[in-house]
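S.K.: I grabbed these lines from TrEMBL:
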| type | residues | note |
| --- | --- | --- |
| DOMAIN | 1-319 | domain 'G-protein coupled receptors family 1 profile' |
| TRANSMEM | 28-50 | transmembrane segment |
| TRANSMEM | 71-93 | transmembrane segment |
| TRANSMEM | 113-142 | transmembrane segment |
| TRANSMEM | 263-287 | transmembrane segment |
| TRANSMEM | 299-322 | transmembrane segment |
Amino acid sequence: LAGAFCIPLYVPYVLTGRWIFGRSLCKLWLVVDYLLCTSSVFNIVLISYDRFLSVTRAVAYRAQQGNIRQAVLKMMMVWVLAFLLYGPAIISWEYISGQSIIPIGECYAEFFYNWYFLMTASTLEFFTPFISVMFFNLSIYLNIQKRTKMRLDVFHEVHNQSFTEEMERSPEAKLSLKCCKWEQKESAETLDLSKSKAQAATSTSSLDAKDLLATSSESSRKPKCCNKKSCKNSASALSSEKQVKIMSQSTTQRFRLSRDKKVAKSLAIIVGIFGICWAPYTLLMIIRAGCHGQCISEFWYETSFWLLWINSAVNPVLYPLCHSSFRRAFIKLLCPKKLKIQPHNALQN
């Protein structure tokens with residue numbers, strides 16, 4: 001919008017030094033220009049806040065992801081606030097003050113040299129958003145650092161556990177160990193019973209060899225749940241399953257941490273460019289208003305003014321470059337058939 005409406009009207013004004021499009025179009029141009037620049041800043045704050053919630057309050061954020069109405073209301077609120085910051089002042093300033101200070105052939109806002117208004121508006125337009133975005137970014141970074149440390153500590157703690165501790169924690173391992181111990185105990189009792197039976201048979205004539213054989217056969221028919229080899233196999237199977245589970249969990253955690261770090265990095269890039277493009281204009285605008293344009297060169301003011309439009313041109317490129325979800329959204333809007341064909345081909349391959 002800035003490139004389609006604001007810049008084409010401003011270029012002749014800069015080259016000729018005169019506004020030739022009339023008073024009404026001048027006000028419309030000022031309203032749209034201030035609105036677009038301010039909404040660009042507020043949208044950066046909104047996106048940063050959204051990323052802040054997605055990292056610090058992931059469960060609540062995922063629960064509200066399908067709430068399209070709330071998302072639309074937030075985006076509409078950005079444009080309403082951006083208009084209220086400068087729009088009413090541009091439209092009604094001369095009527096409230098009772099006269100216009102803009103000479104014929106010029107086009108700028110009535111409050112152009114009002115230092116108090118510009119300081120207040122700049123606080124709401126630049127300083128507060130910049131501090132807010134910095135806070136969101138820093139919170140995201142610290143949260144990621146904390147989660148990284150906690151997850152790595154948990155992973156190393158689980159990974160460095162001994163085989164005995166893994167067996168003790170596992171219900172299947174407990175059953176296997178109990179089974180093996182029970183079998184060893186039963187075999188020992190059977191052996192002692194056989195010895196006692198044999199001694200009784202030699203001293204007493206009422207018991208013959210058949211009783212001894214029957215006792216031995218009964219003991220041999222008792223169920224055996226495992227032997228030493230099966231105990232080792234079950235233990236190794238449990239250990240391998242545990243390792244696979246740990247590896248899968250660590251892979252998932254690393255993926256999440258990598259994704260969160262990319263979010264923080266992309267936001268840092270957007271915030272850095274936002275500060276570089278907006279800080280010079282904001283500072284020069286306040287200084288220019290304080291000294292009524294006598295202490296700031298026109299060249300530097302024009303340069304800072306064009307930086308605002310450069311920021312509006314760079315932001316739409318930054319978002320697709322820094323976020324894969326933006327790239328998928330653009331592909332879905334521009335080439336919906338391509339997005340539908342890709343999963344079908346992937347399944348066939």
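Don't overthink the numbers, they just go from 1 along the chain as shown.
Cβ atoms are placed via backbone N, Cα and C, with glycine included.
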S.K.: Among the recorded stretches 28-50, 71-93, 263-287, 299-322, which has the greatest number of Cβ pairs closer than 8 Å to the transmembrane segment (113-142)?
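M.R.: Going through each listed stretch, the top one turns out to be 263-287.
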S.K.: Which value does the mean pLDDT take for the domain 'G-protein coupled receptors family 1 profile' (1-319) in this predicted structure?
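M.R.: Reported value for the domain 'G-protein coupled receptors family 1 profile' (1-319) is a mean pLDDT of 75.
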